[in-house]
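Participant: Sharing a structure here in structure tokens format.
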Amino acid sequence: DAGSSVEEVEFNWDEYLEDTGSTAAPHGSFKHVDTSLQNGFAPGMKLEVAVKSDQNTYWVATIITTCGQLLLLRYDGYGEDRKADFWCDILTADLHPIGWCQQNKKILKVPEGIKDKIPDQEEFLQRVLKGACSAPANLLEGLHRGKNPLDLIAPGSRLELQNIRDSLEAWIVIVVENVGGRLKLRYEGLEDLDKFDQWLFYLDPFLHQVGWAAQHGYSLQPPLAIRSLRSEADWQEILKKVKEEEEESSVPTDLFKDKPVIGVHSFSEGMKLEAVDPMAPFVISPATVLKVYNDKYFMIEIDDLRAERASSQRYVCHVNSAGIFPVQWSLKNGLHLSPPPGYPGQDFDWADYLKQCGAEAAPQSCFPLLSSDHGFKENMKLEAVNPVDPEEVCIATVTKLRDSYLWLQLEGSKKPVPECIVSVESMNIFPVGWCETNGYQLRPPRKAIVNKQKKIAVVQPEKQILSSRTVHDGLKNQELNSSDSVVINGKYCCPKIYFNHRCFSGPYLNKGRIAELPQSVGPGNCVLVLKEVLTLLINAAYKPSRVLRELQLDEEAAWHGHGETLKAKYKGKSYRATVEVVRTADRVADFCRKTCIKLECCPNLFGPQMVLDKCSENCSVLTKTKYTHYYGKRKNKRIGRPPGGHSNLEVAMKKPNKRRKRRKHFFVHKKKRSSTSVDNTPAGSPQGSGAEEEDDQDESELSHSLAQDRDKRKRKLRTFSFSDDENKPPSPKDIKMEVAEKLQLDSNPLEWSVADVVRFLKSTDCAPLARIFLDQEIDGQALLLLTLPTVQECMDLKLGPAIKLCHHIERVKLAFYQQFAN
């Protein structure tokens, strides 16, 4: 096309993951990143907040969730009722720690909405504040108010860094740059000399606030590598200057409260072990404990048997240091142990080596237990620091896992790098999208060519039709990349989104697949986190294309958020549609709730709040066909394409122009759809052919005929309720088998609950399948709608068991028509 162009542009993680068939490592696996996003406030903390209706009075509120400088609060007295939850900005809201009103003679008064629930204010406050944790006063008042603690480590701040290559001595470092907690540090006294700069995450156990060395008995001395650059008098003058300016450039001590605690070790000098050099983490080598400083620190050296060696590889460790293993760990895990330089032969043997050196192996008790419960899997993608050039953060692929260690292949580095060995707790690995969120350049893979949208359609690997709205989305994407509205102070703004697996999953989402989803996604950039959540939901659907259609943006609706293109694959076809997501944290909770209702599942199925025991919606008693009574959509228009145009839901494969086989769907409650809804039949089907329309029509007709049958018989159906206890389950005598396999029913299957359906199946030779019906909450109405194709699709049954099951379903249908449909 004349108007299209292909050129190198910014790297896109979504496209890359799809092209490589990979998945992103879960955000929850990067604990140091989660810690860096905490703002000092925590759910459950209490504070005193000005009452909106009367600004002269205050009331106690509890923090529900946090997001940057935003807090989601609930006045005490509302209990589990979320309707009155409200967001407030720490910088602008009238917020104070517990006790502030009493100290400043302000009035604590119950808000009007809960006045009738709290007859005795004094008794209530005494009860709710007993043992309560108040929000920190320093985060609500003064210079630190509203600031993310991480932002307090500003360029120019001073810290102390232990010199792990030579000894335990520490020296002052200046923060040159702070990228999401990853600090570029320069030794004090080097001015603009960046040759010795280091990159460390602020939670690194060897990085401390100014004054740490003096408090713990360590001297402040510049490292040997830079000591010769200045005279001793110059270094002392620099140290004097630092002490004079300590208050101005120091970092708050509570910023380091989440640092890993260094435990006591039991290593002795001369012990042998296996180790990975942190400066070149590419091989596992024999090593020796060279020196023990105290009960917390010791130095190890990578063994080198050459008589004349240029330098030694030694560094300080503690008991939880990454990359130290007991003897034979490599052998037990099927890994190659690199023999020491100068070792005769390539077949290294620990027994011979220990005998040759006259040394003993460090016992297993010296090493911490390694865990494999971390969430990483082979072929997952993440972002990782290049150990050869720490300025670079590269795309990384997990190629191998052993216990709590990963082997990473870096892509896009300026110079080729061997596979790196890193701990799952390394602070040099980050989740997908971390660089983009923090405004840092991620090294893209070589030959990363993507298509740039212009005025007309662009040919991509999947054949598709791009509407003008899609081009508009591309432009909005460009705006989003350069906009600060999606982040707060340059940091993540979306809180964690929890998948509450126990909640009702509705008719579109497979309960089994929902249970396999991670517990949470995020926190992170609102658009990126919500896009990941919606993608997971689409993939957890019975029919991903159908859920994508439910989520797609209505082109006639007002534009309130940001348009994102989502994809779905179903039966070998690829679909895509524009879906609207919100860009700011204060709208996330409402967005999640509305999306849940759109998918006819429990409004708490996913969102920023975790459902621990009982869902506030009491959704556990709902079934697939009951749910519409409470949250189902009631649309008056029939399904079809928008008049005179195509939808923004595109299919990537063309099929011959033919009508699809008419087939009844699994569930009946979505009987009517808006005319602006979009058909997801394959591209190339006749416009308005109505293949999907006929499917829905079949559902409507069957549902309508069943309703007429009920009316004719004037049988009083049970009303939809929150409990199945009132519905009498069929007893064994309700189901009578005749010789000719004719079924005699004493209760109408339309009235059967899920328990009734399960009980019926257990009386047949399909009893093992009863669990599926229980898990998918199929009641009598849904049972009567099952057909062979839907049974195979939705229950993943092979043809034989599916036919046997459908035989029993057909017997129930026949008995229903003979006994109750007249």
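Residue numbers in this text run from 1 along the chain shown.
Keep in mind that glycine also has a Cβ here, set from the backbone N, Cα and C atoms.
Sharing the feature lines straight out of TrEMBL:
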- 655-674: compositional bias 'Basic residues' (COMPBIAS)
- 675-688: compositional bias 'Polar residues' (COMPBIAS)
- 691-700: compositional bias 'Acidic residues' (COMPBIAS)
- 749-815: domain 'SAM' (DOMAIN)
- 633-733: region 'Disordered' (REGION)
- 11-111: repeat 'MBT' (REPEAT)
- 119-223: repeat 'MBT' (REPEAT)
- 233-340: repeat 'MBT' (REPEAT)
- 348-445: repeat 'MBT' (REPEAT)
Participant: Using DSSP, what is the helix/strand/coil residue split across the repeat 'MBT' (119-223)?
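Facilitator: The repeat 'MBT' (119-223) comes out at 19 helix, 30 strand, 56 coil.
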Participant: Using DSSP, how many residues in the repeat 'MBT' (11-111) fall into helix, strand and coil?
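Facilitator: Reading the DSSP string over the repeat 'MBT' (11-111) gives 21 helix, 35 strand, 45 coil.
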Participant: DSSP-wise, what's the residue breakdown of the domain 'SAM' (749-815) into helix, strand and coil?
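Facilitator: Residue counts for the domain 'SAM' (749-815) by secondary structure: 51 helix, 0 strand, 16 coil.
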Participant: Averaging the per-residue pLDDT over the repeat 'MBT' (119-223), what integer do you get?
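Facilitator: Computed over the repeat 'MBT' (119-223), the mean pLDDT is 87 on the 0 to 100 scale.
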